[in-house]
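Heads up: the structure comes next, in structure tokens.
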Amino acid sequence: MANKDRNKTILLELGKLPENNQCADCGAPDPDWASYKLGVFVCLNCSGVHRNLSNISRVKSIRLDFWDDELVKFMKTNGNATGRAVYEKAVPAFYYRPQQEDCAVLREQWIRAKYERMEFTGETKVHFFGSIPGFYEGILWKKGKEKGQFQRRKFVLSEKEFTLAYYNKEDPTKGPKALISIKDVNVTFQPEKIGHAHGLQITYQEDSHTRSLFVYHESGEEIVNWFNAIRAARFAYLKTAYPTGSDKELRTRITRNYLKEGYMEKTGPMQKETFKKRWFILDSQDRKLLYFKSQLDAEELGVVFIGTETNGYSVSECIPKRTRGNRWRCGVTVETPDRQFVFMCEQEREQREWVEALRQVISKPMQPKDYTSKSRVTSIHTTGDS
């Protein structure tokens, strides 16, 4: 007969081991759940996905549930390190491994890819570009520029040509609406912004502007396949552009989430102009603070380059003397060599978060590519909004 207290103690001690003290699927610290069919320790959020894989995984709380001796023995024999050796044996270098803060569809499809589809065991060759290596195509729902409605559009990704194209008509003979170079593409999940659990934002450079496409697919597996297919093409490009770079170095440059996003109010260069509500994105990799009229705009209104303190950049909380037209009271001042920018946040928490995020970018040393980026931005460029 199992000793409930003894087995609980054993499980808690197993969970504290270095190889088990993070969730096997998302890396969250101190996982309180475990799959007694797979032998891995997982967090509460990931345990919910495992419950939907009942033919593959069964989960219990290591604190609250009863465990018999045989199940405890199985957990002692296995654990997260053993699970990784089996289920993550052949994860491609470009494939994104979700973290605890990532959206639900990324975490769910990572778990399903590992345990349900067995994509990374190395036993079968998985083509992440579909049936034709280096080529991926399909239909995505894309937000229209004019009416703002989502419409079906055909997308074609070519690793060989380092391009992503989309068509207004499903017949490719009519030519693409846009042919995008993979060189400057970024892709990130934006479910809340887009209003769909599978929402994806694709950004790229066009005529010194940052353009955005907002897309989704009804299938979680398909949208994550697109995400990783674009990452695969990006990784292939980086391997070509930086042949001496290690996989570890290049992985950090494939795609990135933005450091901070949200609404702030901004005024013009004289600081006498009316404050206007704008959507801001802080891209720490490119050292750019971009702003848009609304969060789903295809093109930015302007961009501020964020350099280092030694180059004359700083950020601080403030209370502006002139606040014509603004509704918010929590100010942020960004000093650049060319001008002072004043932004207003709705709440003090947002004010602190923006200041901390901007300071994080300012504290990073400038790289050679950053000076090229700075010269292109020239501190700020506008299209009718200063």
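Here the Cβ of each residue, glycine as well, is placed from N, Cα and C on the backbone.
Those TrEMBL annotations? Automatic predictions, nothing curated.
The domain 'Arf-GAP' annotation in TrEMBL covers 8-128. Residues or ranges marked as domain 'PH' by TrEMBL: 133-235, 257-363. Annotation source TrEMBL lists region 'Disordered' at 367-386. The annotation compositional bias 'Polar residues' is assigned in TrEMBL to 374-386.
DSSP labels the residues of the domain 'Arf-GAP' (8-128) in these numbers: 47 helix, 11 strand, 63 coil. With helix defined as DSSP H, G or I and strand as E or B, the domain 'PH' (133-235) counts 26 helix, 46 strand, 31 coil.
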